[in-house]
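The structure appears below as structure tokens.
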Amino acid sequence: MWLPLLLGALLWAVLWLLRDRQSLPASDAFIFITGCDSGFGRLLALQLDQKGFQVLAGCLTPSGAEDLQQMASSRLHTTLLDITDPQNVQQVAKWVKTRVGETGLFGLVNNAGVAGIIGPTPWLTQDDFQRVLSVNTLGPIGVTLALLPLLQQARGRVVNITSVLGRIAANGGGYCVSKFGLEAFSDSLRRDMAPFGVQVSIVEPGFFRTPVTNLESLESTLKACWARLPPAIQAHYGEAFLDTYLRVQRRIMNLICDPELTKVTSCLEHALTARHPRTRYSPGWDAKLLWLPASYLPARVVDAVLTWILPRPAQSVS
């Protein structure tokens, strides 16, 4: 009884692998990437440039654009892009249209993102959430909408970089909220654009060593957040809470942050070049073995584990 099932499962796995490895013919198609100053965006831009693609790289800073241009071939072109500025987004969309012409835009990679303040929700303000959402959610939405006609023209692909924290909210702050939002946008966009030949993929990395996970930056922003709190709220938590929270965060980040960014850019490249791109990619051992399995557990179990790991406020009543 079990043998036919095992053989069927094995056959399905082999066919899936063969299908997954089918690639499109070598191409010099246009790919637009946001957030190319550093991290995944910069590495992907150089990776695709070496493969012969015509990369259009959006950078936030002139220094980031200049540095990338010096490392790349003459095929790669940079432009300054602040995805939180709708006017700038429209200007860049016109620049992209001029570059791609009648060919259209084959690939859009929404990579730009920020961490914001990672910490207890009662410490935060609405502006704290707004700043992160404007970059991580509303920014990619604006860029995508501006470039959809060019993507439809080429029957291209949209690849949105979210996070495993878009599947499980492991901490407070706007980051998880923003990534959940981008996941939802990506799912609806995939269904809405399928009739027009535009494919949408989501890449949900685990923890990698990028500017978003820079410990010095995360710790300094949380300390500044603590310093502005009213004395009453500080008293609820106690001075020891902040020190313990930072220590736990440091220990976790040092343990699970992966330095091999190519694990992510390989998924991004597959989403752009595979004949049958996946709906979702989960690069990183922690994504596959920790965060995604945890996202399917009962909320009570996840809450209990996270409560056990993180410090308790001084005036906790439970």
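Glycine residues also receive a Cβ, built from the backbone N, Cα and C atoms like all the rest.
According to Swiss-Prot:
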TRANSMEM  1-23  transmembrane segment
TOPO_DOM  24-288  topological domain 'Lumenal'
BINDING   32-56  NADP(+) binding site
BINDING   SER163  substrate binding site
ACT_SITE  TYR175  active site, proton acceptor
TRANSMEM  289-309  transmembrane segment
TOPO_DOM  310-318  topological domain 'Cytoplasmic'
- Message: I'm trying to understand the geometry here, so how far is the Cα atom of LEU56 (NADP(+) binding site) from the Cα atom of the residue listed as 'active site, proton acceptor', in Å to the nearest whole number?
- Response: 27
- Message: Just to verify a number: CA distance, PHE32 (NADP(+) binding site) to SER163 (substrate binding site), in angstrom, no decimals.
- Response: 20
- Average the pLDDT scores across the topological domain 'Cytoplasmic' (310-318) and report the rounded value. 90
- Task: Give residue numbers and ranges for long-range contacts of the transmembrane segment (1-23): same chain, 6 or more residues beyond its ends, CB-CB under 8 A.
- Result: 273-276, 278
- Query: Residues sitting near the topological domain 'Cytoplasmic' (310-318): Cβ under 8 Å, six or more positions beyond its termini, same chain?
  - Reply: 235-238, 240-241, 244-245, 248
- Can you tell me how far the Cα of CYS36 (NADP(+) binding site) sits from the Cα of the residue listed as 'active site, proton acceptor', in Å? 20
- Between GLY52 (NADP(+) binding site) and TYR175 (active site, proton acceptor), how far is it from one CA atom to the other, in Å? 34
- Hey, does DSSP put CYS36 (NADP(+) binding site) in a helix, a strand, or just coil? coil
- Task: Provide, as an integer number of angstrom, the distance between the C-alpha atoms of LEU44 (NADP(+) binding site) and the residue listed as 'substrate binding site'.
- Result: 17
- Going by DSSP, give the three-state secondary structure for LEU48 (NADP(+) binding site). helix
- Measuring Cα to Cα, tell me the gap between PHE40 (NADP(+) binding site) and SER163 (substrate binding site) in whole angstrom. 13
